[in-house]
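First up is the structure itself, then whatever we jot down about it.
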Amino acid sequence: MKGFTATLFLWTLIFPSCSGGGGGKAWPTHVVCSDSGLEVLYQSCDPLQDFGFSVEKCSKQLKSNINIRFGIILREDIKELFLDLALMSQGSSVLNFSYPICEAALPKFSFCGRRKGEQIYYAGPVNNPEFTIPQGEYQVLLELYTEKRSTVACANATIMCS
């Protein structure tokens with residue numbers, strides 16, 4: 001059954017127009033987590049490809065190490081990889097953040113250096129500042145891109161905390 005699920009997942013990523021993701025249709029909205037007054041949703045904003053992302057434990061109190069899962073098939077080689085994050089609340093910018101994930105001289109993850117067509121699957125801890133998510137609704141734009149500014153993954157996320 002795992003083989004069938006993996007095949008179906010790969011088919012969806014490789015042929016989005018056959019699975020409802022291409023041809024001008026939006027990708028589905030995915031639930032990252034939903035628990036105890038916190039709900040995090042995302043939708044791929046890359047017209048060509050969706051990806052998988054989840055968080056192990058959903059909590060308003062963000063810990064310094066959270067375990068995530070991320071999976072995607074690469075359309076570009078990764079020599080260098082960067083993350084841009086923009087956080088908005090009520091139409092106003094709250095935070096803009098850029099972070100180098102893979103640098104030529106300093107690869108931080110095992111997937112740094114992967115080639116076009118290969119799969120990235122990361123399951124493990126991510127270091128971040130520990131804080132409590134304030135009550136409210138937030139929009140987050142996340143973009144992973146290469147040194148050539150080619151998009152690897154893009155997501156519009158919504159965080160709702162009550």
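Note: Cβ is positioned from N, Cα and C throughout, glycine not excepted.
The following features are taken from Swiss-Prot:
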DISULFID  Cys33-Cys58  disulfide bond
DISULFID  Cys45-Cys154  disulfide bond
DISULFID  Cys102-Cys112  disulfide bond
CARBOHYD  Asn96  N-linked glycosylation site
CARBOHYD  Asn156  N-linked glycosylation site
SIGNAL    1-20  signal peptide
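In the three-state DSSP classification, Asn156 (N-linked glycosylation site) falls within a strand. In the three-state DSSP scheme, Cys112 (disulfide bond) falls into the coil class. Here Cys112 (disulfide bond) is compared against the recorded positions Cys45, Cys58, Asn96, Cys154, Asn156, and the shortest C-alpha distance is to Cys154. With respect to Cys33 (disulfide bond), the closest of these recorded positions in Cα terms is Asn156, chosen from Cys102, Cys154, Asn156. Within 10 Å (C-alpha to C-alpha) of Cys45 (disulfide bond) lie the following recorded positions from Cys58, Asn96, Cys102, Asn156: Asn156.
In the shown protein chains, 17 other C-beta atoms lie within 10 A of the C-beta of Cys112 (disulfide bond). Annotation for Asn96 (N-linked glycosylation site): same-chain Cβ neighbours under 8 Å, separated by at least 6 residues, are Asp84, Leu85, Ala86, Leu87. Local packing around the Cβ, expressed as the count of other Cβ atoms within 10 angstroms, is greatest for Cys102 among the disulfide-bonded residues Cys33, Cys45, Cys58, Cys102.
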